[in-house]
Amino acid sequence: MLNPIVRKFQYGQHTVTLETGMMARQATAAVMVSMDDTAVFVTVVGQKKAKPGQDFFPLTVNYQERTYAAGRIPGSFFRREGRPSEGETLIARLIDRPIRPLFPEGFVNEVQVIATVVSVNPQVNPDIVAMIGASAALSLSGIPFNGPIGAARVGYINDQYVLNPTQDELKESKLDLVVAGTEAAVLMVESEAELLSEDQMLGAVVFGHEQQQVVIQNINELVKEAGKPRWDWQPEPVNEALNARVAALAEARLSDAYRITDKQERYAQVDVIKSETIATLLAEDETLDENELGEILHAIEKNVVRSRVLAGEPRIDGREKDMIRGLDVRTGVLPRTHGSALFTRGETQALVTATLGTARDAQVLDELMGERTDTFLFHYNFPPYSVGETGMVGSPKRREIGHGRLAKRGVLAVMPDMDKFPYTVRVVSEITESNGSSSMASVCGASLALMDAGVPIKAAVAGIAMGLVKEGDNYVVLSDILGDEDHLGDMDFKVAGSRDGISALQMDIKIEGITKEIMQVALNQAKGARLHILGVMEQAINAPRGDISEFAPRIHTIKINPDKIKDVIGKGGSVIRALTEETGTTIEIEDDGTVKIAATDGEKAKNAIRRIEEITAEIEVGRVYNGKVTRIVDFGAFVAIGGGKEGLVHISQIADKRVEKVTDYLQMGQEVPVKVLEVDRQGRIRLSIKEATEQSQPAAAPEAPAAEQGE
């Protein structure tokens, strides 16, 4: 009954298994892909008929991680998986981006890809496995798909490229790059790097593409054995007469409209032309399909913009191919934030803030690969007003999560180490205007805001979006693309980095035939653009401010004897809780005795440090301290001498004469000098007021052990 078909092959240091025909036989196609115990089950379902009036391709990619894959039960209240995490959303996008361009134009049948992680080896990230599974399932399904694709992760360790590095190897790597493509062409790159050169990044892309050919070959072999018949799908025949009629009415007018440099004005004019053209044609023949007319008009728009670029004419906004739009850079624009910047590039604008917090503010991520703490948070918000529209405002959408992660990757390489700058840092980018590459504007704004906040970043970083228009062997690479150029072009190519190298690279290619040489031209052109933007940014602020904001918490660090940690924490946390409440500070203690005190007020921090030093102070026998009477008993009085330590003054040690009644000499709360006579094995302290008053030396406060103290 069950007849599994299996293919095994070696992929770098891992063994990959593709299995189909065993499960989910009612899906259009299903594949179980495993790579060294990390297994992802991928299904594809395609509808044989498109919905009437459907004018876009409804492809959905869902990626879901099951905690049973790692032998765990979810920690949520309901003890089951809920909405997708940020990590799951990012991997769903990673799968979607290289497969979407491979469906034929005009194909609008609904297709859903579901990738479920069912087993995980902590050393093998499921994302590459899921991408291979999606490629295999689509290739097996018979759905019109111009694949398969391969996928590879590339690391860079000891000046060598490493194929599909393990999680441990990635910690040593200067690069984390994912590349996907067909046999002939690269389609997608997603990466972060420790400021590598253009040549090193391009080498990694080429290396990954070469290595993934084994995946493509094995998927093709599996399809020969188990593939379903290819769907008999044909695109709608082109109505040449209608195309010519629409072009006659609209092409010249659209060509003129695309010389309007202001985005909103241009959009308004284009909308008028489209509406009037459609109205004219429907008046001539009411049986015409309005959606079809819209598609023809869109194709004319695309052709107008592309042909003008290829002919060497100025772009939509009048720029040459390698020109950057006008820049406006401002820092310190919000008075009470810890750091802020307003970065404007043409009609794209980002208001970016940086906020400093303590280690307690770090985000704890409960991931399938294990729990980790993130001390650098980057959030990107894209409100509808940024493009002059109305819309829903709420939790971030897939696009916002993806753009935020890309911008974070651009900045991560220059962030200081926690031991040098022990703060959790949150950057928020509010896109206030958008016309192309708001994610790269967020990188520039983040660099400025972090410097304004006094975060000692290693270098300033900037980002730029590149585009490509290609027809045959003729191509033009565009710097700093507009939204329209992104939409109508063949490649979206985003590069972020410093003067020294690249920190993030993202490529999405919509056509085949992008060669290594074209990518080289784009990278070199992007470098020139990046250096130009950095030059303008450096005029506004060229180094991190010498001090953090007065409104940011200052972290003071002292070192105590690890044996004394229990004294500072107290029973059930009572001492540290009282300390934080009474001093108005935040206190964190590490196992090695490092104590971090965070406060916006320096005096509060000093008070907390003094009290911690008192608690951890060693009591010195023979020394005189100032104490306070805390309890009176028949045989003497208990006196607190600081740091939560209390000793007994026996009735015989109160005065140099016989004392009948303790209360004749001492009252509750009275401050008295006391001399330490003895500290016994159990830590009990014997004190004397009599001997303290006889001594001429002044009373002392408890002395703290030598401490490393810094800010």
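First residue shown is number 1, and so on along the chain.
Just so you know, glycine gets a Cβ as well, placed from its N, Cα and C.
The annotation Mg(2+) binding site is assigned in Swiss-Prot to Asp486, Asp492. Residue environment of Asp486 (Mg(2+) binding site) contains 19 other Cβ atoms, counted within 10 Å of its Cβ in all protein chains. In the three-state DSSP classification, Asp486 (Mg(2+) binding site) falls within a helix.
The compositional bias 'Low complexity' annotation in Swiss-Prot covers 694-711.
Using DSSP to sort the residues of the domain 'KH' (553-612) gives these counts of helix, strand and coil: 32 helix, 16 strand, 12 coil. Per Swiss-Prot, the feature domain 'KH' maps to 553-612; the stated evidence is sequence analysis.
Look at Swiss-Prot and you will find 689-711 tagged as region 'Disordered'.
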Exercise for the section: Within 10 Å of the Cβ of Asp492 (Mg(2+) binding site), how many other Cβ atoms can you find? Include all protein chains, please. Expected result: 21
